[in-house]
Amino acid sequence: MGLVYFIFFWIGASIFSFVNVLIYRVPRNISFVGGRSFCPSCSARLKPYDMVPVLSYLILRGKCRNCGAKIPFRYLLVELLGGGLAVQSAMLFPLNDAGIGIYLCRVFLLLSVAALLTAVLFVDIDTMEIPNGFVLALLCLGILSVFLFPDVSIAMRAAGCFAVSVPMLLLAVLIPGAFGGGDIKLMAAAGLLLGVKLVAAAFFFSVLTGGVYGIYLLAGKKKGGKDHFAFGPFLCAGIWAAICCGNEVISWYLGFLL
């Protein structure tokens, strides 16, 4: 199994190398479909051996081969994250009677979700905005999940689209700036992907971690009471946490109450 997980790690790192492209190009309205990768500092086109996930960064010691400009550590971090999330995705669901084909489809669906959430996370940190294209892509993955994870009914998924997004919208109307439009649309798409129970768990995780971060900023006087910070990263982390352990947390909570 070690070799299998290594292969998944390498695939994940490769996919997330493309996520780095999305994070850089989408906010700048640069096409990510065509065109060669280039150094942001000197615009030199990168050679194939300069784009090997993880290894190229380490061999080049985090610097451009052409101009010597420092390559942000984030590039390596995202690729390592992709490898780790690919292995985690492979471990989340056992290879059962569904067969290897369905298993691989499920793993790559989850990895695609993880890649999108990572792109949203970093773009929101950089720009305080969540591109509509990312939300639409997550919505498409939610539609695919209907067929790959039929244990979550269509009714539960439909309810999930509104269970969190509508209260967020109402709060945004009543308290201007409470949530951005991208946050609301992201959770609507996540509701289709997760269903009503898990999207509620995702929002709980997000509010919990986001609240702790907000208290940290206020306590350190890094933000004022009326200042805003990107909430999308916490929503993304909450969505992934719900995928990984949402059902277990819900079962524990209900057992604790009963």
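Placed from the backbone N, Cα and C atoms, the Cβ positions cover glycine too.
Annotated transmembrane segment per TrEMBL: 6-26 (among others), in sequence order.
According to TrEMBL, the domain 'Prepilin peptidase A24 N-terminal' annotation covers 11-91. Secondary structure of the domain 'Prepilin peptidase A24 N-terminal' (11-91) per DSSP (helix as H, G, I; strand as E, B; remaining residues coil): 45 helix, 4 strand, 32 coil.
Annotation source TrEMBL lists transmembrane segment at 100-123 (among others).
If you look up TrEMBL, you'll see 113-215 marked as domain 'Prepilin type IV endopeptidase peptidase'.
The transmembrane segment annotation in TrEMBL covers 130-149 (among others).
Long-range contacts of the transmembrane segment (155-179) within the same chain: residues 142, 146, 185, 187-200, 202-203, 228, 231, each at least 6 residues beyond the stretch ends and with a Cβ under 8 Å from a Cβ of the stretch. If you look up TrEMBL, you'll see 155-179 (among others) marked as transmembrane segment.
With a threshold of 8 Å between CB atoms, the same-chain residues lying at least 6 positions outside the transmembrane segment (191-219) that come near it are 113, 138-139, 141-143, 145, 152-153, 156-165, 225, 227, 229, 231, 234-235, 237-239, 241-243, 246-247, 249-250. The transmembrane segment annotation in TrEMBL covers 191-219 (among others).
Sequence-distant contacts of the transmembrane segment (231-254) (same chain, at least 6 residues past either end, Cβ-Cβ under 8 Å): 85, 88, 92, 110, 113-114, 117-118, 120-121, 124-125, 130, 179-180, 182-183, 186-187, 190, 193-194, 197-199, 201-207, 209-210, 213. Feature annotation from TrEMBL assigns transmembrane segment to 231-254 (among others).
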- Message: Checking distant contacts: for the transmembrane segment (130-149), what same-chain residues at least six beyond its ends satisfy Cβ-Cβ under 8 A?
- Response: 26-27, 102, 105-106, 109, 112-113, 116-117, 119-120, 123-124, 157, 180, 182-183, 185-186, 188-193, 232
